[in-house]
C-alpha cells in the first residue's frame, strides 16, 4: 500500500511554523535550525579563507610589507578561532541536528527548543568575535591564548576578553547541542533499531556528543579563569601570585585534543555512510568501525600532553604520552582498512560524494602519518610550533574533516533541497580544492623542516624559504578558487539543478525514506527497522502508525533495544529560546567589563528560561472546581 | 508525499502511554547530560586545585589563614539533612501525590533559602580574598561554582513550586519534580569532595 | 604534483642540505639523534602511505566480474585482512616507539655529567645570555650565543615576561622558556660554524623578530671570546667616541648597560661588547654602523612594538653615538 494521503495536510497543519519573520524567529524545526548553522558556518569559512589567502600573500616573499605584525597576528588569530570554534565544530553539530532525526525516522530532536537556543547562542558568539573585529578589537594571540601573554600584564584592552568570551558562547551552544543529540540518539530510535542495528553515522554523532560533554567544560573553566585573572585579579596563571602558567595549557589541551576528534569522528560517520551507499554493499566491519570510534574517543582524553612536549615535563610522562598518542594509529588504521575493504568488495560508483571520500583517504592519511611523527616526544621538539605542524593539522582538519564534509554536502544536498548538485561543476571544484590544498600545504612540511616557525609575520631572505612559500601561496589560491566553484555550484543547483526525487543515490539508511526536500514532520509514519540498512530491504518499508496527527508528538523508546515506551509531547515553536539567548549574550558581553554583569544578567536569563519551560495546563482552581 | 516507496503498516503505537517516570523519560536523560557537564566542571576545578596545591611550596601559602569550620560545618550538615525531605519529595512525585509534591517543593524552597545564609557566612570566613594568591583564587572558584548550583536549583524549585500551586498537576509535572529532586541530590553529592578540598586539604598537608 | 613534492622532500633528506636553521643539517649530538629518528619515521610512514594508496587504487579499479556473483570475496576473508592490517600497524608502531625512546635517551645522555652552564632568559623580544666562567662569575651578553665545539653546554632556560621557546634546530630540539620555571637543555655541537635560532612559541607582536645567532667554535677560540666578553668596555678612543659615550650615558643608560661606564640599565640588552656581535635587535638587522644609525633613529619602523623608543637626537649626537657603539668590540 502507499501512504494514506489524508494525514499529510493534518501533519502539515500540526508541524507548520508561523509564516514570515515570526516563524523564522520562533521555529524549532531541526532542519531549519541546522540549515542556519550551515549557512552561517559556510559564510564564516569563506571569511576565514580570505584571511588565510591574505596571510599567504604576506608570506609569499621575504620581508613583505603587505601586513604589519599587528594585522598579521590578528589575521591568524581570527582565522584559527573562527575555523576551530565557529566553523568546524558547529558544522558537525549542524549535520547532526539536521540528519539525526531523519536517520531515526523521528519528527524532531529530543529537545527542540534547546536546538534553537544552541543556534542563537552560537550566533551570539559569531557576532561577538566578528563585530569586535569590525570595531578593531580583534583578538591577536592565536586560537589558544597562553597566559601570561594573554594575562592582564601583557594584553591590556579587551582583545583577549573577546576571544575568551566568544569561546564561552560557542561552548555553551555546543554543550546544549551535544546533550540534545545524545538524548535523541539514545531515546528516540525507531522500534527495532537496537544499538547493534545503529548505523555508524549515529554512533559517530553519539560518541562525538559524549566527548563534547566531557571535554568542553575544561575550556569553559579555563577561559573563565583567564577572564577572572584579567577582570578581578585572581592569580590562577601568574607565577608571582603562586599561580602556574602551565595550568592553563593542561586545561586547554584537555579540551583541545578531544576537540580534534570531536571534529574528526563525525567525519568518519559521513565517510561510512557514503562508502556504503556508493560501494553498493553493506559496510564491511561495522562493529570494528564502531569499536574503533569508541577507542579513538577514549584514547583522545589521554593525549593532551602531546601538545606540551616542549614545556619540559618529566620524561616518564613523555614516554607514556608518546606510546598513547601513537596507539591511536591502530583504531584509525582499522577504520581505513574497513572502508577500503568495503570499496574493494563492492561495486563502487565515483560520483562526487565518493570522489571526496577518495580525496579524504589520499590526504588524511598523510596527516595521520605526520601525526605519528609529532606524537614522538623526542622528534616533536624539532616539529612543534613550526610549519610542519601547520601542515600536519591542516591535513588532519581539512583533509580529515572538511573533505568528508564536502562529500556529505554533495551526498545530502538533494535531500535538503530536492535537487542534485551539478556533477560537472562538482568535479571541477573537487580537483581544484584537493589539488590546490595539497600544493599549498605539502611544501609546509618541508618549510618546517627548514626551520620556519609558525606565527611569524615575516621572515628574512636567504634561509631557503621563499620558493616553497610561493608554491604554498599559489596552492591556497587554487583551493580558494575551487571553493568558489563549489559554492557557485550549490547556488546554481538550488534553482537550476536536476530534480532528485526522494532517493537519488539508492541510500541505505532511513533519511532516504522521506520526501526531498523533507517536510516539517519528516516521515508520515514511524518506521520499524530490522537491519543496519533498512532502505535496502526488499519489499515495502515497514512502518507503525498511532502517533498523534493533531498535536506534536514523538516516540520515545528504550536505550538498548529501542522498544517503544511512551509518546512524548514535542515542544511547539517559541520565542523563549531566542530571548534566553539574547539575555545570555547580554550577560556574557557585560561580564567582559564588570563581574556584576553576571549577577544582573541572571534575572533576565531566569525569566526567559521560566517562559521557556512554563507548561501549558489549566489553572488549578478551574480544574478542581470541575472535579 | 512520501515518494514512490510502498509501505506496510506493521504496528500501532496509539495505545502507548503519554508519559513515563525515571530513566524511561526522555527529560531524565537530558538532565543526566547536564549533570555530566557540570560534574566534569567540578572534577576539573578540583583537578586545578590539586595541581596548584602540588606546585605550591606551602598550602595555604604563608600568611593565609585557614578557612573557618563553623559556618561551613553548619552548611554541610544542613545540606546533608536536606537530602531527607528531598527524597521524600521524590517519592511523592513517583507516587503522583499532588498534595505531597506541593508541600514538599515548598519545603525545599524554604530549606534552600535558609541554606544560603550559612553559605554567605562561609564566604566571609574563607580566610583569604580571591585576589591575594592562587590559593585564594582557587578556593573562591570552588565555592562560587558550588553556590551557583545551589542558587540555580533553588530558583528552579521556586518556579516549579509557583506553578504547582497555581495549576493542575499532570504526569509531566511529576516528572519535572522528579528531575529537580535528582538535581538537588547532585548538588549535595558534588559538595562533599568540594568541602573536603576547601576545608580539610589545607589542614591535612 | 604531490609526488613531485614528495620526491623533492626525499632529495632534501638524502642530501642533507638543510641550511643554518634546520633540523635536516644536524651539527650536534642532540640534533643528530633527532635527525636519525626523523629519517626512520619518514621511511616507515612513506611505506605505509604507499600501501594505503595502492590498496585504495586497487579497490577502486580492480577488474570485477561482470555480474555480482559467486567469486566475490567473503567477509570472513576480509576479516583476516583486517587482522593482518592490525598486525602490520602494531609492528610499525613498535618500531617507531622504540626509535623514539632511543632518541629520547640520547637527548638526556649528558644530563648526569657536569657541564658549562649558560643562563638564557627570554624577553619580549630578545635573549639575555649569561655565561658562568671558571671563577663562578656570570658574564652577560645578549642575542648571540657562542658554544665550544665538542663540549657539552647546559642551557638554563627562563623567561622574564611571557612564554618563549629556545630553538636552535641545527644543534637541538626546542624547549620552552616559561616564567616561574627553569628548564634545562644540553647542547653538544660537533660542527663549527654560524647557525641561527629563533623563538618558537608565539610571544607577541614581534615574535618574528626574535632570532638568535649561534656560533660554534673550537674551544680555544671560545675561551678567548668568553674572556673578552668578561672584560669591561674599552674607554672611548678619540673625541667623537667620547661625545658618543656622553650621549649614551643620558637616555640609553636607563635601559642598557655598558660595563665600565655609569650606564647600568637592566631593561634592555647588555651592550658592553655590542660591536662584536653579528646582528642588531635579535637578528633584525645585520651589524654595521649604518644599521645602528637606522635602528637608533627608527626602531618602531624596523620592529614595530619593540620596547626600544625612538630617542630624539641631534644629527651630530646620533652620528657620534653610532661611532661610539661601533667601538664596543
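Indices start at 1 and increase along the chain as displayed.
Each Cβ is built from the backbone N, Cα and C atoms, and glycine gets one as well.
Annotated in TrEMBL:
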{"type": "DOMAIN", "residues": "A:16-530", "note": "domain 'Cytochrome oxidase subunit I profile'"}
{"type": "TRANSMEM", "residues": "A:34-53", "note": "transmembrane segment"}
{"type": "TRANSMEM", "residues": "A:83-104", "note": "transmembrane segment"}
{"type": "TRANSMEM", "residues": "A:162-188", "note": "transmembrane segment"}
{"type": "TRANSMEM", "residues": "A:200-228", "note": "transmembrane segment"}
{"type": "TRANSMEM", "residues": "A:260-278", "note": "transmembrane segment"}
{"type": "TRANSMEM", "residues": "A:290-309", "note": "transmembrane segment"}
{"type": "TRANSMEM", "residues": "A:321-342", "note": "transmembrane segment"}
{"type": "TRANSMEM", "residues": "A:354-373", "note": "transmembrane segment"}
{"type": "TRANSMEM", "residues": "A:393-413", "note": "transmembrane segment"}
{"type": "TRANSMEM", "residues": "A:425-451", "note": "transmembrane segment"}
{"type": "TRANSMEM", "residues": "A:471-492", "note": "transmembrane segment"}
{"type": "TRANSMEM", "residues": "A:596-614", "note": "transmembrane segment"}
Annotated stretches the transmembrane segment (A:83-104) and the transmembrane segment (A:321-342) touching (3 or more Cβ pairs under 8 Å): no
Leading stretch by Cβ pairs under 8 Å, where the reference is the transmembrane segment (A:200-228) and the options are A:34-53, A:162-188, A:290-309, A:321-342, A:425-451: A:162-188
In contact by Cβ distance (the transmembrane segment (A:471-492), the transmembrane segment (A:290-309); 3 or more pairs under 8 Å): no
Proximity of the transmembrane segment (A:471-492) to the transmembrane segment (A:34-53), 3+ C-beta pairs under 8 angstroms: yes
Overall pLDDT of the domain 'Cytochrome oxidase subunit I profile' (A:16-530), taken as the mean: 96
Within-chain partners of the transmembrane segment (A:260-278) [C-beta distance under 8 Å, separation at least 6 from its ends]: 88-89, 92, 95-96, 199-205, 207-208, 211-212, 215, 289, 293, 296-297, 300, 335, 339, 342-343, 348-351, 353-354, 356-357, 360, 393, 396-397, 400-401, 404-405, 407-408, 411, 505-509, 533
